[in-house]
Amino acid sequence: MLPTTLVNSGSQGNGVLSPRDAARHTAGAKRYKYLRRLFHFRQMDFEFALWQMLYLFTSPQRVYRNFHYRKQTKDQWARDDPAFLVLLSIWLCVSTLGFGFVLDMGFFETIKLLLWVVFIDCVGVGLLIATLMWFISNKYLVKQQNRDYDVEWGYAFDVHLNAFYPLLVILHFIQLFFINYVIISDSVIGYFVGNTLWLIAIGYYIYVTFLGYSALPFLKNTAILLYPFALLIMLYLISLACGWNFTKMLCSFYKYRVK
C-alpha cells in the first residue's frame, strides 16, 4: 500500500532490487499486512487514530506531516495500521443508526439504511473516488522529472478516508441535532442552516483531499484540486436563491431507499 514506488530503493549494486526486498515492497505484501492486522485489535494504535481524527478538524496539515514521518521511518506513506479505518466504521454505524432514529425508521428499515450507507455510500463510492483520483494524479500530476515515482492506490484511498471523516461527522452527526427542529422546516432559516452545513462538509472534503496530494513532493499543479470550490460556492448560492433544501432531499432519499 505504498503511495510511491522508487525503482532504485533497496537495490543491489547493479540497481536491481533483491528478491527479498522486492517481495517486501510490493503492494500485495503491504495490503496483506494491513488486512491481517484488522483481526489483531491489540496491535492497533487507537489512541493515535483518535489523535488523527481530532487534527483532521483542527489542523489537517499536521496529519499529513505524520505521513511524511512514516515515509522516512517505514518507507511508506500510506497507513500500515487499520485503527483509523476501524474507528471510522464505528462512527459510520453509530451516526447512521442516529439518522434512522431521527427519521423515525423502524428496526429493519434502519438496518437496511445502515447496509446501504456502509457498502454503497462509503465503500462503493470511496473505491470509485480513490480509483479516479489515483488515475488523475498519476496521469496528469506527476512531475516529468520524477517518473520513477507514482501515486499508489492505497494512498489515494487513505486520502479519501481522511477527507470523508469530517464530512461524515458534520452531515451524519452534528446535523442530526438540527434536522427535526430547524433544517427540514419550510422556513428560510431551515435550508440556510442545512445547506451551510453541506457547504462546510464538502468544503472540508475538498481541502483535506488537496492537502493529501500536495503533501507528495513528486506531484505538480495540485492547486487544481481546489477548483471545485468555485462550483461548490456557486451551487450553494443558487440553492439559497431557489430554496433547495439538500438535507430534506437527503432524508427523502434515505426513506425511499428503505421502502
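Every residue gets a Cβ built from N, Cα and C, even glycine.
Annotation comment: TrEMBL describes 1-15 as compositional bias 'Polar residues'. As annotated by TrEMBL, region 'Disordered' applies to 1-20. Look at TrEMBL and you will find 83-102, 114-136, 163-184, 196-219, 225-247 tagged as transmembrane segment.
Away from its own ends, the transmembrane segment (83-102) comes close to residues 38, 41, 44-46, 48-50, 52-53, 109-110, 113-114, 117-118, 122, 161, 164-165, 168-169, 172-173, 176, 179-180, 254 of its chain (Cβ-Cβ under 8 Å, at least six residues beyond either end). Long-range contacts of the transmembrane segment (225-247) within the same chain, counting only residues at least 6 positions beyond its ends with a Cβ under 8 Å from a Cβ of the stretch, are 175, 179, 183-184, 188, 190-192, 194-199, 202-203, 206-207, 209-210, 213-214. Same-chain residues lying 6 or more positions outside the transmembrane segment (196-219) and placing a CB less than 8 Å from one of its CB atoms are 3-4, 56, 60-61, 64-65, 67-68, 77, 133, 137, 141-143, 146, 149, 151, 155, 158-160, 162-164, 166-167, 170-171, 174-175, 178, 183, 225-226, 228-229, 232-233, 236, 246-247.
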